[in-house]
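K.L.:
Sharing a structure with you now.
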Amino acid sequence: MAMRSGRHPSLLLLLVLLLWLLQVSIIDSVQQETDDLTKQTKEKIYQPLRRSKRRWVITTLELEEEDPGPFPKLIGELFNNMSYNMSLMYLISGPGVDEYPEIGLFSLEDHENGRIYVHRPVDREMTPSFTVYFDVVERSTGKIVDTSLIFNIRISDVNDHAPQFPEKEFNITVQENQSAGQPIFQMLAVDLDEENTPNSQVLYFLISQTPLLKESGFRVDRLSGEIRLSGCLDYETAPQFTLLIRARDCGEPSLSSTTTVHVDVQEGNNHRPAFTQENYKVQIPEGRASQGVLRLLVQDRDSPFTSAWRAKFNILHGNEEGHFDISTDPETNEGILNVIKPLDYETRPAQSLIIVVENEERLVFCERGKLQPPRKAAASATVSVQVTDANDPPAFHPQSFIVNKEEGARPGTLLGTFNAMDPDSQIRYELVHDPANWVSVDKNSGVVITVEPIDRESPHVNNSFYVIIIHAVDDGFPPQTATGTLMLFLSDINDNVPTLRPRSRYMEVCESAVHEPLHIEAEDPDLEPFSDPFTFELDNTWGNAEDTWKLGRNWGQSVELLTLRSLPRGNYLVPLFIGDKQGLSQKQTVHVRICPCASGLTCVELADAEVGLHVGALFPVCAAFVALAVALLFLLRCYFVLEPKRHGCSVSNDEGHQTLVMYNAESKGTSAQTWSDVEGQRPALLICTAAAGPTQGVKDLEEVPPSAASQSAQARCALGSWGYGKPFEPRSVKNIHSTPAYPDATMHRQLLAPVEGRMAETLNQKLHVANVLEDDPGYLPHVYSEEGECGGAPSLSSLASLEQELQPDLLDSLGSKATPFEEIYSESGVPS
């Protein structure tokens with residue numbers, strides 16, 4: 001026991017000593033590490049950076065495309081040297097692990113070691129590589145203890161794709177005259193394997209050609225894939241070829257694919273056109289152009305209606321003067337010879353044409369596998385032309401000429417001479433165009449002279465030129481004609497006076513614009529200096545024009561017309577003298593109508609005014625007929641009403657004063673004039689009046705004073721009808737102051753003679769005025785104010801009283817209808 005207890009203190013002492021040594025060692029170690037850290041920090045400051053030792057260790061990760069397995073398959077292993085000091089856990093993430101594409105493709109066996117596995121085959125063409133992240137964490141804390149490792153897993157390529165053409169079949173067209181060695185088509189195949197590797201390198205091969213011809217073939221460039229022509233193509237031999245092309249890669253094992261190319265040969269011009277006949281003869285009449293005088297047939301073995309078949313003709317020799325032209329018939333391919341310029345038998349009765357033919361497309365030939373230009377000249381034919389004689393037309397020398405003459409030349413003035421020649425026959429001249437009939441031509445000599453005065457202002461003159469056309473006609477069969485033209489230039493003279501323009505002759509002015517100036521325009525067909533500027537002057541010798549009108553500003557061709565006072569509605573004449581630049585003038589009249597305007601711009605009642613012109617012209621005629629009808633009615637009344645054997649009264653034989661009486665009473669009002677007033681006005685001529693009962697419009701005689709009644713009784717006498725000389729008795733008047741009428745029948749003719757003479761004179765004057773107005777061609781229409789419609793005068797045949805014997809007392813009971821006539825006759829002293 002004592003020994004055991006003695007050992008224990010020594011053990012404890014040894015243990016304490018060890019702990020002290022460990023503490024000192026730890027302190028020294030910490031101090032050393034601190035010093036080292038400080039030293040390293042200083043070295044980092046004062047020394048360049050150095051690469052630290054890698055703590056990640058990873059084997060090469062390689063994965064072959066389309067690896068058959070078995071799966072899962074180990075592809076690599078990870079290691080981190082920090083696993084010596086602590087317990088670590090490895091993590092993997094990224095595309096192929098937990099991200100697209102290919103989720104779940106890679107994984108770790110467990111998290112304690114870094115073995116990496118793949119779980120299925122990989123298509124490199126889909127995903128050529130994967131970028132994955134590796135991390136290491138402390139198992140106890142889950143804290144990442146080192147920097148993440150980023151690793152790119154590359155998928156190695158295998159030759160698993162063959163080259164592919166974009167189409168299974170190709171259709172191309174090649175010209176027959178395609179030059180050998182030139183590429184005609186480019187083949188291209190695509191290999192999806194890794195680029196710039198043998199797996200994606202493509203080579204091209206021509207496997208077969210159908211048909212296989214020795215002189216016509218194709219070849220393919222192995223690297224570029226261009227198809228080239230070897231030799232010459234012949235459309236007639238092989239119009240189409242079929243080529244089988246293969247594309248192969250250089251991988252192990254190599255893969256390939258094929259495609260078919262159909263080559264259509266488009267025919268070229270490799271056959272020369274040839275005339276079916278080498279010599280032609282044709283007869284052509286002289287003096288006229290002709291179409292299709294000859295057709296030349298050619299043969300061509302190329303395909304019809306192509307540019308290699310269509311013929312193109314050309315006149316190589318004999319057409320130096322341009323008489324001929326040749327074209328091609330598009331349907332038959334024939335050459336059509338035309339005469340476009342008339343031939344002349346006298347100049348060249350015969351000639352020869354050399355015509356050549358070629359195609360629209362260039363002609364080529366194949367020799368020794370190469371295209372060569374033609375060595376022979378184009379095919380030709382000879383056409384012998386025989387010109388037949390015909391009647392040549394005359395020819396003018398010169399065909400047209402200009403003659404300058406002053407207008408107003410007298411008849412017989414020589415204008416010029418036409419000269420025509422015809423080697424075959426005689427010539428006569430005919431005038432065919434002379435619209436104004438101013439000239440004549442001598443049929444033998446062609447001399448043109450005037451037969452009428454010529455006027456530059458004629459409508460047949462255009463820009464001072466008057467055209468005269470002459471024909472020269474020969475006496476051949478059939479007759480031929482030539483045309484010559486004389487251009488007559490007329491110099492102007494001052495032979496026209498200025499005149500008013502049509503729109504300035506008759507002008508309308510609204511009442512509201514009567515003080516605004518009117519623009520009066522004039523014109524003169526003469527040229528400078530015989531025309532404008534014009535001078536305008538008012539004719540002050542005519543009426544009161546200077547008191548009403550005034551001329552304003554002169555514009556050369558027009559002048560302002562101003563009014564000096566207000567004018568009522570109506571028609572006015574404004575006389576003007578208008579002179580040209582040389583002083584030649586003439587009096588002109590402007591007709592101005594002042595009228596109302598509803599809109600302020602245009603006169604109204606235009607239609608009524610036009611009708612008024614005709615009514616005004618017919619008014620004197622109508623008045624004459626009305627006066628005649630009234631006179632006849634009056635005579636009929638006197639004849640049938642008055643009794644021939646009534647008492648007469650002595651009447652003075654004086655004619656009396658010819659005082660005008662106003663017959664404008666249009667109503668049935670009562671007259672305010674007494675018999676004494678009438679008697680005072682016309683004392684020398686007493687005309688009887690009678691009333692059948694109470695007469696409207698005339699006072700009863702009972703209301704008249706005795707003196708006036710006696711005078712009135714003397715004025716009532718018995719008169720026969722006009723010109724009949726039959727006496728009549730006045731009707732009884734109910735008045736105590738009335739006296740019997742004079743029974744002398746010879747008084748009738750004495751009283752009617754002056755009245756009948758005045759009536760005949762008046763009718764003759766009216767008829768004369770009507771005839772003058774009707775026959776006067778220089779009458780200018782006037783506008784009159786509206787006076788109503790003119791009543792038509794009834795014809796004599798419409799008066800029934802002339803056709804039968806009427807009772808003497810027929811007119812005694814007319815009543816109020818005859819009152820206006822009785823008033824008029826009683827006021828004027830005419831017997832009723």
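Using the three backbone atoms N, Cα and C, a Cβ is placed for every residue, glycine included.
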K.L.:
Quick one: which of 93-112, 313-332, 653-672, 813-832 does Swiss-Prot have down as region 'Disordered'?
P.N.:
813-832
K.L.:
Taking the Cβ of ASN85 (N-linked glycosylation site) as the centre, how many other Cβ atoms fall within a 10 Å radius?
P.N.:
9
K.L.:
When you rank ASN81, ASN85, ASN462 by Cα distance to ASN177 (N-linked glycosylation site), which of the glycosylation sites ends up on top as the closest?
P.N.:
ASN462
K.L.:
Here's one to test understanding: among the glycosylation sites ASN81, ASN85, ASN171, whose C-alpha is closest in space to the C-alpha of ASN462 (N-linked glycosylation site)?
P.N.:
ASN171
K.L.:
Rounded to a whole number, how many Å is the Cα of ASN81 (N-linked glycosylation site) away from the Cα of ASN171 (N-linked glycosylation site)?
P.N.:
68
K.L.:
Quick check on the domain 'Cadherin 3' (276-396): DSSP residue counts for helix, strand, coil, in that order please.
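P.N.:
Summed by class, the stretch gives 0 helix, 61 strand, 60 coil.
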K.L.:
Translate the DSSP assignment of ASN462 (N-linked glycosylation site) into the three-state scheme.
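P.N.:
Note: ASN462 (N-linked glycosylation site) is in a strand by DSSP.
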K.L.:
Please report the Cα separation of ASN171 (N-linked glycosylation site) and ASN85 (N-linked glycosylation site) in Å, rounded to an integer.
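P.N.:
Their Cα atoms are separated by 75 Å.
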K.L.:
Using DSSP with the three-state reduction, classify ASN177 (N-linked glycosylation site) as helix, strand or coil.
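P.N.:
Where ASN177 (N-linked glycosylation site) sits, the three-state DSSP reduction gives coil.
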